[in-house]
Structure formats: structure tokens, C-alpha cells
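Taking it in order: structure first as C-alpha cells, then the write-up.
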């Protein structure tokens with residue numbers, strides 16, 4: 001693998017592609033396993049609180065990251081966070097004490113968003129330097145999605161044969177090639193103080209609410225990330241404890257579920273550009289998500305084909321919403337709107353906090369199945385809010 005990429009190491013963009021794919025594979029290996037692994041030591045309510053705690057810490061670090069990078073450089077910051085991530089995931093592979101396990105998971109939840117953010121900053125700076133076209137980001141997302149699609153299949157095999165802790169060990173080991181890539185290929189960015197600006201949440205939120213062209217895609221992003229967070233936290237637990245699946249079957253099901261991101265995002269992006277605009281695909285995608293959330297409450301048996309179809313359809317909707325949300329948002333902002341862009345990136349950890357709160361409250365009064373009806377209702381409310389939105393083209 002290293003010999004393949006070394007030929008292209010003069011290209012900062014390709015180096016960022018490679019690093020981001022390895023980071024995505026590292027994260028995706030454990031993404032859907034986290035909840036069911038933690039369930040061996042914690043209640044569903046406690047798991048929700050752990051996700052919320054890690055996401056709050058992520059927001060806090062995110063607000064500090066411009067100052068950290070300005071003082072220590074983005075290159076040094078990346079190396080430090082990779083080492084911290086190795087400690088957290090490697091520690092989870094061997095930790096026997098629930099308190100230590102919880103602490104390491106919260107640390108991982110906080111760090112992973114920052115590491116993806118750092119890769120994103122490298123990509124932005126590299127594209128500015130190398131004058132590449134907008135297709136760079138499309139390729140970046142597609143390669144990331146391929147890694148996320150492959151990983152659940154590997155997770156299912158490893159968990160079925162060796163158990164959860166080996167998944168975390170494999171995930172931790174992937175950080176070594178990532179560290180190598182940063183040291184050998186990703187040179188320090190020049191003028192790093194100009195790459196990021198501190199996020200002023202009250203000011204940027206006010207600007208976003210007043211400017212409807214920014215508000216609608218930002219709101220759509222929060223709704224979409226809420227859906228992602230809800231499914232990551234609660235879907236694996238539901239399928240294993242309530243429906244009766246094993247990871248041997250869940251791995252292939254999750255891989256099929258994630259196929260739409262690879263199959264549809266680029267074609268939908270092209271159609272939204274050339275014919276229909278973003279709004280139709282965005283609203284249609286959210287409606288499809290809501291419909292499938294209602295539908296998955298109906299089956300009560302582990303029928304692999306049926307569940308594969310339902311979850312595949314849910315991610316068809318999500319892929320439509322994701323590409324059109326990003327396209328619409330980035331057409332409304334430019335380099336002078338760094339604070340607004342930072343707020344857009346903050347949507348992921350904020351959505352995890354909201355999803356954990358809603359899930360905890362819902363589980364206190366409703367059966368597990370009803371969680372997905374709650375999710376469908378929230379998405380439909382989001383669709384109503386988005387109806388006045390205008391296409392950007």
C-alpha cells in the first residue's frame with residue numbers, strides 16, 4: 001500500500017485522500033459496534049449519556065482547536081490527537097474496568113470528529129495550493145464512503161470469530177499507517193493561523209438564522225446528523241437485543257445499507273446541478289428516511305433480506321439529503337464565512353448530544369421500537385421547516 005501511494009506523495013491532495021481513507025476505516029470498524037460492545041457493561045441510558053458526554057467534549061475541543069493549531073501547528077496537533085486516539089481505542093480493547101472503558105470511549109468520541117476536521121482542513125488548503133477543481137471533494141467523499149461501506153463486513157467477521165475486543169485492536173492498529181502518512185507525506189501547512197478562525201457560536205448562529213439561504217441547509221444538516229447519530233447509537237442495540245440478529249449477519253446487512261452513498265451521491269449531485277435543483281432531492285430524501293423509520297418498526301423477526309432492503313432504502317434517502325445539503329450550503333458561503341462553516345461542522349457533535357437526550361427521554365416512557373417513530377416524527381417536522389427553501393442554482 002505504501003509503495004503505491006509513495007509515487008504520488010508529491011501531491012498533497014492524494015496524500016490527504018489516503019490518510020482520510022485510513023482514518024475512515026479505523027472509525028468505521030467500530031462505529032456500529034460501539035453501542036453493543038458498551039451494552040455488555042452499561043445500560044442503554046448510560047450509553048446515551050456516554051455519547052452525549054463525548055460529543056460535548058468534542059464541541060469544547062472544537063472551539064479551542066483554532067487556538068491550539070495557531071500555537072502548536074496543525075501538523076503537531078494532528079500527531080498528538082492520533083496518539084491520543086490510539087490510547088483510547090487500544091485501551092478499550094483491553095480495559096476491564098467499566099469506569100476506564102467509559103472514560104476512553106468519551107475521549108474517542110471527542111477526538112474522532114477533530115481528526116476528520118483536521119483532514120478536511122488539509123484538503124481545503126491543498127486544493128487552494130494545487131488549484132484542483134470541485135471534483136476533489138466529490139472524490140474525497142466517495143473514497144470515504146467506500147471505506148465506511150467495507151468496514152461493517154469486516155466488523156461482522158471479526159466479532160463473530162474473535163469477539164469485540166479484537167475489532168478495537170484492529171482499529172487501533174490502523175492508526176500506525178495513519179501516523180506514518182502524516183509524518184512522511186503531509187507537510188505542515190504554511191500560514192496556519194489563517195486557516196482557521198475561532199468560532200463565535202452566538203454571532204454565527206444569529207447570522208445563520210437571519211440569512212435564510214444559510215439557515216435552511218444548516219438546519220437540514222443538523223436534522224441529517226441527528227438521524228445518523230440516532231441510528232449509530234440505537235439501531236445496533238435494537239437489531240441485536242430486540243430482533244435477534246448476530247454480528248455474522250449484521251455485518252453484510254450494514255454493508256448493503258451503506259451502498260447508496262457510493263452509488264447515488266455523485267449522480268444525484270450532477271442531477272441537482274443540471275436539472276432539478278437541490279430542494280427536490282433533499283425533501284424527497286428526508287421523506288424516504290421518515291417512511292423507512294416507520295417501516296422498520298413493523299418486522300419482528302431477523303429476516304436478513306427484508307432488513308437489508310429497509311435499511312438500504314433509508315440510506316438512499318440519506319444519500320440524497322447529504323449531497324444536496326452540502327452542495328446547497330457550500331454554494332451560499334465562501335472563504336470569508338469561516339465561522340459559519342465551522343458551525344456547519346459542529347452539527348455532528350451537537351446532533352449526537354441531541355440524539356442522546358431524545359433517546360434517553362424516549363426510552364424512559366416508550367418501548368424501544370417507538371424510538372424510530374419518534375425519529376420519523378422529528379424528520380417530518382424538519383421537512384415542514386425546509387419547505388420554503390429555495391434552490392441555490
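Placed from the backbone N, Cα and C atoms, the Cβ positions cover glycine too.
Per TrEMBL, the feature transmembrane segment maps to 12-33 (among others).
TrEMBL lists 45-65 (among others) with the feature transmembrane segment.
The transmembrane segment feature in TrEMBL is assigned to 72-93 (among others).
Annotated transmembrane segment per TrEMBL: 99-119 (among others), in sequence order. When Cβ-Cβ distances below 8 Å are used as the criterion, the transmembrane segment (99-119) is approached by residues 16, 19-20, 23, 27, 34, 38, 41-42, 46, 50-51, 53-55, 57-58, 60-62, 65, 74, 77-78, 81-82, 84-85, 87-89, 91-92, 345, 348-349, 352 of the same chain, each at least six residues removed from its ends.
Positions annotated as transmembrane segment by TrEMBL: 140-160 (among others).
Annotation comment: TrEMBL describes 166-183 (among others) as transmembrane segment.
Same-chain neighbours of the transmembrane segment (214-237): 31-36, 39, 44, 47-48, 51, 207-208, 250, 282, 286, 289, 314, 318, 321-322, 325-326, 328-329, 332-333, 340, 343-344, 347-348, 350-352, 354-356, 358-359, 368, 371, 375, 378-379, 382, 385-386, 388-389, counting only residues six or more beyond its ends whose CB sits under 8 Å from a CB of the stretch. Annotated transmembrane segment per TrEMBL: 214-237 (among others), in sequence order.
Residues or ranges marked as transmembrane segment by TrEMBL: 249-269 (among others). Proximity of distant same-chain residues to the transmembrane segment (249-269), defined by a Cβ-Cβ separation under 8 Å and at least 6 residues beyond the stretch ends, is recorded for 32, 138, 141-142, 145-146, 148-150, 152-157, 159-160, 236, 239-240, 281, 302, 304, 307-308, 311-312, 314-316, 318-320, 322-324, 327.
Under the heading transmembrane segment, TrEMBL lists 281-298 (among others).
Positions annotated as transmembrane segment by TrEMBL: 371-389 (among others).
The transmembrane segment (140-160) makes contact with the transmembrane segment (12-33), as judged by at least three Cβ pairs under 8 Å among residues 6 or more apart in sequence. Only residues 6 or more beyond the boundaries of the transmembrane segment (371-389), in the same chain, are considered here, and those with a CB under 8 A from a CB of the stretch are 212, 216-217, 219-220, 223, 226-227, 230, 234, 238, 279, 282-283, 286-287, 289-291, 293-294, 296-297, 358-359, 362-363. When Cβ distances are compared across the two stretches, the transmembrane segment (12-33) makes contact with the transmembrane segment (166-183), since 3 or more pairs at least 6 residues apart fall below 8 angstroms.
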